[in-house]
């Protein structure tokens, strides 16, 4: 899942204030709306710099901000953090089914949609489609191969460097025994009928090479990207990151090949997507995201929205999305949907092998493990993205400040939330379970946990996430753009030596900024909500 692109990196218009992810490397090339070397205004230029191949249907893309993508990704990341927390807080507790979430015990439909909001099961699929949607916007806008070259080199640095920060904190927690609070809390909670609490890191993780030596620590992230061998963690959320890495390079190759085809690239897109879907790989969500991005940049989505049929297609899309959201959130109905999908989509195809135990065509696809692509979840995530893409009201919802804030800290929230899930709720429950009702203790544990994770993720965004962006750009500039020589090499050495000092000096300022600014942000948000509520209630003048 690509949680690493910041808000300012996902602009589609060409102004300096709204630059794309690779604008810092982009040479001075004419925009698609500029006439150059005989190319008609609005035509898209192929990657071949020696030839210009206008697309068959030239249409200038409207200036459009993709803030909603950042907001949707942040919301999905919050859902992931919720699912890993609430699943343990409520696991094995009978009363919560009828009192905490579900107002009507005999109606499972009232429980499932609520859980879907708190911990959506399509979050990972949303991450992957959104990665394809935004990763190559800059290239699709200008058709400059330097965008792809820069992105291909920066991708492992951008995704990999922040992982070391989370692993360092995990090693620190392990060395000082912070995770032992889980054992104490679990022993005390057994008297209340809770037998499955947050997991203590296994012995195999404690003795992992990444926890024992500097070399093992440094090699842990490349090994994860190359061989899908995850770094030790209380909850291995990083299983999505190797897919993010390898699928990014598939996207780079696909968009380069498709650029040489010109207006018939859609056939190439379809073939690549169909083959990856048939083989049940994780490639097709990324490819579909790229198709949506290309359709938006080339103006095809605008053409569809301006057609007469859109007045019927748009309500149908929204209704279908809402219906699928409700139906797929019910376990029994979701199982039947997967069986129906299995019959309609796979029964007429040769059966692809999806794991060591069987084939989708002969076995029930409702039993697919969570680390394998699921067509029902994919259709659900795709319809959600298309609904937001084509509905300005929904874009405005996911472009609000809370959503954008979650999007800004999403990568750090994704990396660090398992560490605090494994410590903070256990500490709160251990201290309060003897004095508070169980329901109150659970709610308090959840609120305290989130109150710690969100500001800490913001702090890590300031200390590690943004510096990793600047470090990746600096490395690309030094290797591929700046002149080489002894003085340049000496400058690189001095900069590398000074980097730890800069981080240490910036840490107190970042901590103070988070501690002071976070309550102010909450206070302002509360004032805005109160003002809106009083205005709607007719008390705006009070």
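Using N, Cα and C of the backbone, Cβ positions are placed for all residues, glycine too.
Here's what TrEMBL has on this protein:
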- 1-37: region 'Disordered' (REGION)
- 1-22: compositional bias 'Polar residues' (COMPBIAS)
- 67-461: domain 'Acyltransferase 3' (DOMAIN)
- 118-140: transmembrane segment (TRANSMEM)
- 161-181: transmembrane segment (TRANSMEM)
- 210-228: transmembrane segment (TRANSMEM)
- 249-271: transmembrane segment (TRANSMEM)
- 277-297: transmembrane segment (TRANSMEM)
- 309-327: transmembrane segment (TRANSMEM)
- 377-399: transmembrane segment (TRANSMEM)
- 411-433: transmembrane segment (TRANSMEM)
- 439-464: transmembrane segment (TRANSMEM)
- 506-526: transmembrane segment (TRANSMEM)
Stretch of maximal Cβ-Cβ contact with the transmembrane segment (118-140) [cut-off: under 8 Å; candidates 161-181, 210-228, 249-271, 277-297, 377-399]: 277-297
CB contact flag for the transmembrane segment (411-433) and the transmembrane segment (210-228), at least three pairs under 8 A: no
Top partner of the transmembrane segment (277-297) among 161-181, 210-228, 377-399, 439-464 - counted as Cβ pairs under 8 Å: 377-399
